[in-house]
C-alpha cells in the first residue's frame, strides 16, 4: 500500500482539515501538560464509572459530533445554493452526505439521548448509580472509539460514500472498492455493541434499582420513555449487529451475502438495515417525548395529562415500530399485498403518536405556563413535529410514495421529524437538567436567542425542500442546472442552514458566558420542578442521595413541597457503598479502535494481535475482585453540610 | 474449588463452538438446500436454548411474569423479522 492510498490526497479542504487536526491535537497535548491536567483527566474522567460524568462525556461528544455533522451540512448546502456550483465534486459530495447522515443519527442523536439517560434516570428513580457502572463505562468508550474510528476516515483511507443506509450493491466491494465502507461496517459495529450494553444496563437499572415506593406507574415519564427505548434497543440492535457482520464478511472476507451473484441478495441488506433502522427512529425520538412530557408538566405547574395513555401509547409504538420497516423501500418492486400491509401499519403509528400530542396539549390547558428556554423548545416541537408527522402519513401511502421516493420531500420530512423531535428534545433536556450537574443555569436570554435562531433557521432551511421535492429535485444530487428552476428555493434553504449554524454558535457561547457569570444555584431546584432528581443538591454529590428517598406518590418532590409529605426519613446517615473507578474500559475501547482500524485495511496479523488483547482484557475482568468502597457517614454529613448549608 | 469452577459456562461455550462448526460444515460440504436448512434451524434452536439456559440463567428467577413478558417480546420481534423478511423478500405477495 502506498502513502497516497493511506492518506486522502488532492483536496485542499482535506489538507486544511489534516493541518487543523494536527494543530488541535498538539494544542490539547501541550495544554494538558502545561496545566498539569493529565492526572486529573485520567482520575476524574477517563476512568470514571459515575453515571453523571459518563453522561456528561456522552453529551460533550454528541455536541462535538453535532459540530462535525453540521459542518458537513453547511458544505452540502453551500454546494447546492446555486445551480452548477463547483464547490464540491460529486465524489466529495457523496462522502459528505454519507458521513452527515451516519454522524447525526449514530454519533450525535444516540449519544445525546444516552447521555441524558445516564445523567437523569438514576436520579429520577432514586438510585445511586446504574445497575452495572463498569459496563456503563465500557459502553461509553466503545461508542467513543467507534465514533473516532468513523471520523478519521475522512483523512485516512477515505470516507464511506454509499449513503448512510449503505445500500447494496452500491456498498459492495465491486462498486465501492475503497476502504470507506469498511470504516462504516466496523465503526458502527463497535459503537453498536456499546449501545446494546447500554440497553441491558438501563433495563436492569429501571426494573431493579428504583427507590422504595417508586412503583412502575409512579415513574417520571422520561424514565418510562427510557425503559421502552432500551427495550427497543435490546431487540433492534442485534439485527444491525448481524447485518454489519455480514457486510464485513462480504467486504473483507469475500463472502456473498449481499452480492448479486452466487445466490446473494442485494436487497436483503436494505431489508435488514431497516428492520433495525425503523425502530432506531423511535429509539432517538421516544426519549425526547419523555423529556418534553416532564418539561411541559413542570412549566405548566400541572401533573401530566393522561399518564397511563402516555405509557400505553409508547408501548404500542414500540411494538408497531417493528412492523413498518418495508415502507422505506416501497419502490423495490414488492407486490400490492406487501406494500399495502406496510402502508397500514405505518399509518397506524400516527394513532398513538396523536394520543401523545393531545395529552401534551391537555397538560398545557389551564396550566400556569412559564416560557423558559426548555419550555420554548417543547412549544416549538408540537406544531413542527406535527408537520413532520403529517407528511409522514403522506409518505406512508405506497402508491403516492412512488412520487415522493428519494426526493427532497423525503429529506424535508425526516428532518421535520428528527430535528424538532430529537434535536429540540435533547437541547431542551440539556437546558433543563444542566443546573443539576453544574450547579448553575444556562443564561435564559442567550438561550432564547439561540432558540429563535434555531427555529427560524430550521424552518427556512427545510420548508423549501418539501416544494423542491414535489417539483422533482431528487435527494443526493450534487448539482443541478439553472433550467430546472430549483435555484431560488435552494438559495433560501442555504440561508436557513446558515441561520441555524449561527444559532448553534450562540448556544455554544452560552456555555462560556454562563460558566463565568451565571449566578450559582442555591437550593438544587431552580425550576420549581416535580420529580426526585431535583430533591438533591446541585451539583449532585457522587453518591446522589445521602439517604434513599421514600416515594409515596407520583411527582414525589411536588407532593413533598406542596403537601409536606416527607421524602427522607429522619435518622443518622448510613455508609454508602460505591463502585471503584477503573482504567480498563478506556483501554478496552482503545484496543477495539485498533482492532477495527486494522480490519478496515485488512491488516490481519495486527488485527489478530488486537483481537487477542481484547480477549485478555475480558479475562482480566473475569478474574478481577473489586468490591468497591464505602463512604463513611461523617463524610456524607460533611458533604451535605457543604452543599446544602444545613442538615436535611 | 470444584464448586467455583463455572462448569455450565464452559459446557455452553464448547457446545456453541461445536454448533458453529456444524453451521460452517453445511456451507463447506455443499449440502443440498433442504437438508442444510433443517440442520441450520435445529442448530439455531439448540443454540438459542443454550444461551438462555446456560448463560442467561433463565430458570433462576422467581419473577415468572417478567420472564414470560420478555420471551414473548423477543419471540414477537424474532418471528416478525424472519417471517416479515420472507413476506417482503421471497414469497412474492
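Cβ coordinates come from backbone N, Cα and C, glycine included.
Marked as domain 'Cytochrome oxidase subunit I profile' by TrEMBL: A:36-552.
Sequence-remote contacts of a segment are chain residues at least 6 beyond its ends whose Cβ falls under 8 Å from one of its Cβ atoms, and for the transmembrane segment (A:12-35) they are 41, 154-155. Here TrEMBL flags A:12-35 (among others) as transmembrane segment.
TrEMBL lists A:96-123 (among others) with the feature transmembrane segment.
Here TrEMBL flags A:135-156 (among others) as transmembrane segment.
Residues or ranges marked as transmembrane segment by TrEMBL: A:183-207 (among others).
Beyond the ends of the transmembrane segment (A:227-249), by six or more residues, the same chain brings 113, 117, 166, 168, 171, 181-182, 184-186, 188-189, 192-193, 195-196, 198-200, 202-203, 206-207, 219, 255, 257-258, 269, 272-273, 275-276, 279-280, 282-283, 286-287, 314-315, 317-318, 321-322, 599 to within a C-beta distance below 8 angstroms of the stretch. The transmembrane segment annotation in TrEMBL covers A:227-249 (among others).
Feature annotation from TrEMBL assigns transmembrane segment to A:311-330 (among others).
Non-local neighbours of the transmembrane segment (A:336-362) in the same chain are 289, 292-293, 296, 304-306, 309-310, 312-314, 316-317, 320-321, 323-327, 330, 378, 382, 385-386, 389, 392-393, 396-399; each lies 6+ residues outside the stretch with a CB under 8 Å from one of its CB atoms. The annotation transmembrane segment is assigned in TrEMBL to A:336-362 (among others).
According to TrEMBL, the feature transmembrane segment maps to A:374-397 (among others).
Summarising the annotation, TrEMBL assigns transmembrane segment to A:417-438 (among others).
Here TrEMBL flags A:450-471 (among others) as transmembrane segment. Packing against the transmembrane segment (A:450-471) from elsewhere in the chain are residues 77, 373, 376-377, 380, 384, 391, 404, 407-413, 415-416, 419-420, 427, 485-486, 489-490, 492-504, 506-507, 510: each is 6 or more residues past its ends and has a CB under 8 Å from a CB in it.
Within the same chain, residues 63, 66-67, 70, 73-74, 77-78, 80-82, 427, 442-443, 446-447, 449-454, 456-462, 464-465, 468 sit at least 6 positions outside the transmembrane segment (A:491-512) and bring their C-beta atoms closer than 8 Å to a C-beta of that stretch. Look at TrEMBL and you will find A:491-512 (among others) tagged as transmembrane segment.
Here TrEMBL flags A:587-620 (among others) as transmembrane segment.
Two recorded stretches are said to be in contact when at least 3 C-beta pairs lie under 8 angstroms, sequence spacing 6 or more; the transmembrane segment (A:96-123) and the transmembrane segment (A:417-438) meet this definition. Within the chain, the transmembrane segment (A:183-207) has long-range Cβ neighbours (under 8 A, six or more residues past its boundaries) at 98, 102, 106-107, 110, 114, 117, 121-122, 125, 127, 130-132, 135-136, 138-143, 145-147, 149-150, 153, 157, 159-160, 162, 166, 171, 219, 223, 226-227, 230-231, 233-234, 237-238, 240-241, 244-245, 247-248, 251, 592-593, 596, 599-600.
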